[in-house]
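Taken from Swiss-Prot, the feature N-acetylthreonine covers T3. As annotated by Swiss-Prot, phosphothreonine applies to T3, with the evidence given as sequence analysis. Summarising the annotation, Swiss-Prot assigns transmembrane segment to 57-81, 122-143, 166-188, 243-263, 279-300, 435-459 and lists sequence analysis as the type of evidence. Taken from Swiss-Prot, the feature [CaMn4O5] cluster binding site covers E355, and the record attributes it to sequence analysis.
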Amino acid sequence: METLYNGTLTLGGKDQESTGFAWWAGNARLINLSGRLLGAHVAHAGLIVFWAGAMNLFEVAHFVPEKPMYEQGLILLPHLATLGYGVGPGGEIIDTFPYFVSGVLHLISSAVLGFGGVYHSLIGPETLEETFPFFGYVWKDKNKMTNILGAHLIILGIGAWLLVWKALYFGGVYDTWAPGGGDVRIITNPTTNPSVIFGYLLKSPFGGDGWIVSVDNMEDIIGGHIYIGTINILGGLWHVFTQPWAWTRRAFVWSGEAYLSYSLAAISVMGFVACCMSWFNNTAYPSEFYGPTGPEASQSQAFTFLVRDQRLGANVASAQGPTGLGKYLMRSPTGEIIFGGETMRFWDFRGPWLEPLRGPNGLDLNKLKNDIQPWQERRAAEYMTHAPLGSLNSVGGVATEINATNFVSPRSWLATSHFCLGFFFFVAHLWHAGRARAAAAGFEKGIDRFNEPTLSLRPLD
């Protein structure tokens, strides 16, 4: 009897007998069929772009301009808004037509990719080496593999430069730090000082250092893309025009599964970095679109109650809380004036709504008494009730469920999904790296079990 698992099932003319892989091994059946593998990749790209376009239009159709983006479960429109499309002062969405255009362009692109995927999967040549040698390859051809690596790096570099051109010449990008509560602006002076850009890479990832996640201005972000785009393009050209050195030929495993494992490791790292960026960073991920960070929501609550009680006559500089520490304000271990209460743990938070109230030694008491602007109060009150937490209780000094809004923050979605995906990709890297190394060593089929003692034991029944 034929089942899905006995190896006799044939899908697309590829069965376990002819390929060495069962149907559920997917593209492994196409390892040596470059034309069919091209079809799988193009079709996969079509699915990705189709999702982007369809989800984009879905978000546009459900978008309510009167509510904050982060309260509506949106994850794509915030990215478009961050690029400066359809946004006005203070992060207000004034035009959704660019978002509609983006969705339609992605859908049209996905149709082209989908057609290409179907064509190369079913109609085009099974292998490209004979008919299109430029696009053909053999996995063990080290020079060809580094040529392909170089082409990918060049395309990534161009992608980084597209953001630079958008920021410098094509309308600018949204800057949450623009005076008055954020605005779209042209980045006229991107950071090109290598000590600043590479200084982020040399920072500790812990505490207040934060590695590259600590970037806090658009000049550094765009300058970083100038560097990474240029390095990618130059590195791509290097890999296209050179051949691997002897030590790299010896050090790496040169097979399709090995390249898959390397790619999975790289995308795993990107997933973990994206997790941290989307959770902690409020410059690359402006809070106007993604909602406040955890520390930001906590500091917002302290600020909101300071404003309220100060209006009611409280002396916010000297009032004590139940622990004897300052109720509204206190000093950090280094002597800076910070917010008191549970939010003291987030004393090093930086946000565009709070920074104007700082002085040379932390929060400026005179500014807190005389210079608080209405937009700062409104934003803090909004952020206070939109902490990116799943907890219904007061955690870290943020609003309890009585005061909070019942929603899931885009930061929660993005950080959690990218952490999980990053983890799974890392496990997949270990799996495929182990298989690739085993195959290179000649024992990928596992240990011979013919003499396994278990096989000679009497059956239990």
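Along the chain as shown, residues are numbered 1 onward.
Keep in mind that glycine also has a Cβ here, set from the backbone N, Cα and C atoms.
Worth saying up front: this structure is predicted, and the values here are computed from it rather than measured.
Of all the Cβ atoms in the protein chains shown, 10 others lie within 10 Å of the Cβ of E355 ([CaMn4O5] cluster binding site). When the stretches 57-81, 122-143, 166-188, 435-459 are ranked by Cβ pairs under 8 Å to the transmembrane segment (279-300), first place goes to 57-81.
In this chain, the transmembrane segment (122-143) lies in contact with the transmembrane segment (243-263); the count of Cβ pairs under 8 Å, excluding pairs fewer than 6 apart in sequence, is at least 3. When secondary structure is read from DSSP and collapsed to three states, E355 ([CaMn4O5] cluster binding site) falls in the helix class.
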